[in-house]
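As given in TrEMBL:
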DOMAIN    1-360  domain 'FMN hydroxy acid dehydrogenase'
BINDING   25, 165, 255  glyoxylate binding site
BINDING   78-80, 107, 128, 130, 156, 231, 253, 258, 286-290, 309-310  FMN binding site
ACT_SITE  255  active site, proton acceptor
């Protein structure tokens, strides 16, 4: 294999290796895919204001998330059906995250169960939750995650219906027959029916509760003592409601640009959410992160950390656990270099003054 020098190179290698239906499922966004491109391009419009002549012979990237110490502010986002990418799927990802000293978030729709992931050994893991129409299923799943040692619930709130993912419709996407949604296998909900469009869209329409509302965040707090992160917040208004309803944290996310097209990039929404949160709960960024420079920009705009999704899937497809380890190490190394070249020796030294955004340019032009 040729030398891989950055995270994005894994995508082209994965495209060559994976069946078209599976690559398209991982890579594509909703409708025109404008937001998919914007999730990346918005980072390029944020520039640095580096400081010089600061002793950066030592840098420290350690941080704390919901009371858990991790080695760096780079964590793994929930991504469904990872055994489509590699036979070890989520188990390989869990091992790589633990080895890197960071957090893995397991998808509800994983092809390895919460118990199987727990069996790979120690590690800090969060569980991403879709709320099914049958609340007994939700209760069982949350309790299983608790028993398996998961430390928080990441409640996905932007999927009352599945976004229109045209690649999946063209490919008639379905879970390969040798795989199941392992957390639901015993409930006879682990398979998707074949359809004339997207099997996943049909599955979501049949199982996921469209009536999900803020009262359900309160309900979840009655069935678990785990902290609840609300994943899918993009506005100040919803940030205020998340605070009022007892969320332990917010993940600014547009679902990898797979839900509503023509929403802004998550990095473009971050400051609005951070301002409204007013430090009352941590705010994390999910979406578009491919470089350590992206991580630095998110931290400068107020994020407490970032979650990465597609880079994990593509590196997993190319080289299994070793690929995921390498992605985490590359992003860590790039963040460390960005900090040094910006004059920062620890995460708390990264401030808003280290970046220059479009809104800054507009304000200056009006002066």
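Just so you know, glycine gets a Cβ as well, placed from its N, Cα and C.
Within the model, the domain 'FMN hydroxy acid dehydrogenase' (1-360) carries an average pLDDT of 94.
Between the CA atoms of residue 78 (FMN binding site) and residue 255 (glyoxylate binding site) there is a gap of 10 Å. Considering only the residues assigned to glyoxylate binding, 25, 165, 255, the longest pairwise Cα distance works out to 13 Å. Excluding the listed site residues 25, 165, 255, the same chain places 28, 29, 30, 162, 163, 168, 200, 256, 258 with Cβ atoms within 8 Å of the centre of the glyoxylate site Cβ atoms. Around residue 156 (FMN binding site), the same-chain residues six or more apart in sequence whose CB sits under 8 Å from its CB are 78, 128, 129, 130, 231, 232, 255, listed in sequence order. The two recorded residues residue 258 (FMN binding site) and residue 25 (glyoxylate binding site) have their Cα atoms spaced 10 Å from each other. Checked against residue 25 (glyoxylate binding site), the binding-site residues 107, 288, 309 differ in C-alpha distance, with 309 being the nearest. The most densely surrounded of the binding-site residues 78, 288, 309 is 288 (count of other Cβ atoms within 10 A of its Cβ). Cβ-based neighbour count (10 Å, all protein chains) for residue 255 (glyoxylate binding site) stands at 23. Distance between Cα atoms for residue 107 (FMN binding site) and residue 165 (glyoxylate binding site): 19 Å, as a whole number. Taking each Cβ in turn and tallying the other Cβ atoms within 10 Å, the top scorer among the binding-site residues 165, 258 is 165. Around the Cβ of residue 107 (FMN binding site), the number of neighbouring Cβ atoms within 10 Å comes to 23.
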